[in-house]
């Protein structure tokens, strides 16, 4: 039995608020239980210098956490004057995940920056960020279509993408770990899956004892099933239209 | 006539959501129209090294803006590796404002860090931050009383504090400027006022033509009246109790 | 009675040495009692990238303090690897003050950098810096006229500017505070005034008890009268010609 | 057929030179084909402040690349003044890998820093680093036994660890990718395996098309078989004794 | 014939103003022609952590240049966020030079920081800094004697020290190069000499053609003779007493 | 008698491995006893912006030390976020030394970056770096000739260069100091000499007692003789051809 009463293969309550921002081309406030991440997509014309003239666009991501998103306050990375390894690693992961489902040629020479700011953290912030960033990105692509930045018959999004964490606690594989479970997990895995069910990223780490092939298989099953549910929620949110 | 239909001495719609954070000792999401600032108060035992053993507490503040709080995206200060002059200046202003109404002796050897993160910016973010930070601070002091960190008969808060911007646009002094007015203002002034009606800070700047004594007097009148209304809203929020 | 025997509305001895530098287009070593600030104006053709092609010039300022300007040595900001909030805030203030009296269109696509380095600090360094920077700027404009960088009939300076600090010590409003008074002031205010008597900047801060409207009015009167005297000294210095 | 004539399940020539350094407690120069990584283990008494008094040791790693390890020169991270995301990510990976096979209690309050400096890069530098770092670590533990820093009957190493890269090129899963294959891989996976055959880390990334479950299974099979061979080479090297 | 009419073995006019600072324990404004360096000596009780409890003191130096010390403005190192190689190199040189003539045991557990700030630069700033820093240091030691920080019969200064630049221009060895000569020199040498005539530092660099042994000998002769004159000026200044 | 049995005027065993790198245009692993420095020369077309269009090339150098090159581990400069004074100073020295024997006009608009990474340090790393960097540079120039980047009849190298350390230990001048001698030296001198026997750089520092003219002369004699031997070894290495 889990502390919050969920089954081992059950997601926390998921809420996605589309169009949270009045300023960004796309945005979503995503909640996985008490984890809340504000995702914005900033779409601008032009690409970084190293891509110029190649007829392709660029998608990149930046992840950050507010200092009091966690139970004790952390110093700001801006104050420390440098970005920590964990932040870098997650930003790169989000960027790769979102680039996996976009056709950069179809995007044209446009750049999308996905900002994922964790307002409150309770485990699974990076996977929530990927899941929310997809909604913000889709909204920004709609904006680009509506505003003539991308032609109506050009479809940069070739699939959808979502992500979830899984892990083994006391020998039991479980889906979608909140902080209290995450710190106790022997193995921790983040899985990024497309809407069509293929893997974009599999990152499994033994925090305690190494894991065997059988455990790996069960974890992958849980993650694939969890992402299928997230895909449905993403689609429902996008069909329901903007609104805070 | 102002773009949003307000009278020259009228505030934008003000909303304060107390207890927005599940993690912080005190918190408030404050909205001045489309400006939204998340304020958290982190209260911890102990003081910075330079204050140790003096029997006094410390209150400090940090202000920051999400990259897409504004109409075009700004680079993160953590990525740039340094904090800009504007951020420093506002953080220091918020800290001074909140320290003006707290008795650091009564606070005991405890530290409160006020984090004011602008989620969306539409003018007046620093004054909204001060006004919201007061609510977060008051909530944190209640928490300290409830948890025995500060004795029930010790009252660190000696007054309340709020702040508002005023400015002269096309020769007309006005209260609470949104971004569209702020960029056009000839004179811009931020005023921090205690609940008892005295000044903590008066910062007036001629952005265009220098201003005369008569104009200064009208701006101060507008600001004092605006802060009186903010004081009332703060008190109502605190009396209504926590809740998101 | 003040420690140095001055009346409450009396300035410290003011000395301005024009043309202190053999290298800069304009320069002044200004002394307010023991406070000594070396101000240089570097005038170069061209403007920052973001201003190019707009037919306007730019004026900016940088303030700094030598490590042993003060009674105990401070670490250099270059060694610490970052500029502190106070330095940023004062640099920005000086820049705004000097831009308020210059017609950037008349300056043409030229840039003036005002460097204000505090060689010795005894209170009022930022206001001394503004007052001295005006002399350096005026000298640089003369240099530009003499060297054909700006045409003789084009007058970029539309007014003069000076600044002074005022404050309340033991309930008594006073003009031009040296360090011993500054640390004891309940309220501290820096006022920047044009030669024609209007305000460019009013920055009043309650260091101890908040201040009321009556006190604010007395402080402003003191500052306006002090700046009028500084304006006279500036003019006399500029008329007397260069010389170290 | 691979460019270097290898079978799809064949490792490049592997060379491990133990005791390359005269200074470090443990060291190994490891070569995977043209990839050369110098791994040193610095064992010192004491632990970081946050671990003090807990009776446990600490193992951490730092990865870096010489500027001309690659075919075109990269700027030094020391000159740029910050460490890039890739460096951070790999350093963290190596640290986790080595901590997975060490009993930190048995290590006692000692710290081991594993420095992995890439002298020449031709793909697979992070997995070579892990494989070489294990040899350096084992040598440092022998040194600690020989010098009485750890008692003879205390065995901090609970297993061995090695790592290898696998990937899919033109639809074909392959073991141990050199640079020319790595840049063309659709999927790239780094796998860290213990001597007893369990997983410490599985990091698979779709660089091009997402991958399916079947492909994942083949990649894992290749990696497990490759690591088994690396384990044998590590053991032979350690049994053969020190020597450059 | 030199541009300023001097003989090849003649120093520029040298002026040393002792006690320029009201704040520092020792200070001197030194001028070598148009080169002006403000040297302060800050003497404080205590030593850096790594020297604690060894009964010895410490002397260190920091060199810097105001942005407009030179004919064109340089960016501040504090703004750039890092100290350049040249600044580091000169700071280290000055520190070594001054430590060479002080008995750190006799200094006791006290620290002297020598700040050498170039107010105006016209060649030879590092050698002027060393020569002036000696006067500031001697004044600070007198202050320590007068204030009982060092006992009257303890003499930390075991010799005096001065420095001068020499160089070869158009094949002619010359003493004390101003900027116009320095940029044209084929060989440039800075020599630090004690009052008793021994070398502390010899730093000769071929900027153009390498130099031979005969040229090196002539340069050393010029430098030793120049430093003997500087030693006399230092002594006269110190005997004349403080005064700005 | 020296600890390693050498005569006072005897070099340590010197080994130079040409062509150590498969990637760089030129490279050499140089060993002076236990000191090992990997030198690579990266030759690329084009010059830094400030040199463009002048028809001249550029040669620069960067020196660094691996963290465990020394008997105790040092923190990485990339992790500390800044380069220390010593690193800067040595990088600049190497750059000047190599530029002294190259005709930048003949190099054409090409840039050579010399990276000198100390893999193991036992005294004399900077002089070993210069001596090895010359071999790497010569190899890169050969590469440029072979690849048509520089015409066959154009000879950018106008001389050869090598360097060695000398010092006085217990009053005895000695050649080529390993670490155990270096830390005890009263005077330490690094001398850079061309193949034709002239000086490029003479850097003598009194670490303990100042040195006199006679001592300086003996040190220079030792250094010149040592460099003559190094010149021979460099030539033999270059004639023997590439090979690891």
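First residue shown is number 1, and so on along the chain.
Quick reminder: no glycine exception, Cβ is built from N, Cα and C everywhere.
Feature annotation from TrEMBL assigns domain 'Exoribonuclease phosphorolytic' to D:10-140 (among others).
According to TrEMBL, the feature phosphate binding site maps to D:86, D:124, D:125, D:126. Counting only residues at least six positions away in the same chain, the Cβ atoms of D:35, D:37, D:63, D:65, D:90, D:118 sit under 8 Å from the Cβ of residue D:125 (phosphate binding site).
Residues or ranges marked as domain 'Exoribonuclease phosphorolytic' by TrEMBL: D:159-225 (among others).
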Practice task
Taking helix as H, G and I and strand as E and B in DSSP, count the residues of the domain 'Exoribonuclease phosphorolytic' (D:159-225) in helix, strand and coil.
Solution key: 17 helix, 30 strand, 20 coil
Practice task
Could you name the residues, excluding D:86, D:124, D:125, D:126, of the same chain that surround the phosphate site, i.e. Cβ within 8 Å of the Cβ centre of those residues, in sequence order?
Solution key: D:63, D:90, D:118, D:121, D:123, D:127, D:128, D:129, D:190
Completion exercise
Using DSSP three-state counts, the residues of the domain 'Exoribonuclease phosphorolytic' (D:10-140) come to 42 helix, 43 strand, 46 coil
Completion exercise
Greatest Cα separation in angstrom, residues D:86, D:124, D:125, D:126 binding phosphate per the record, works out to 14
Handout entry: Neighbour count (Cβ, 10 Å) for residue D:124 (phosphate binding site)
Key = 26
Exercise for the section: Check the binding-site residues D:86, D:126 for other C-beta atoms within 10 angstroms of each C-beta and report the one with the most. Expected result: D:126
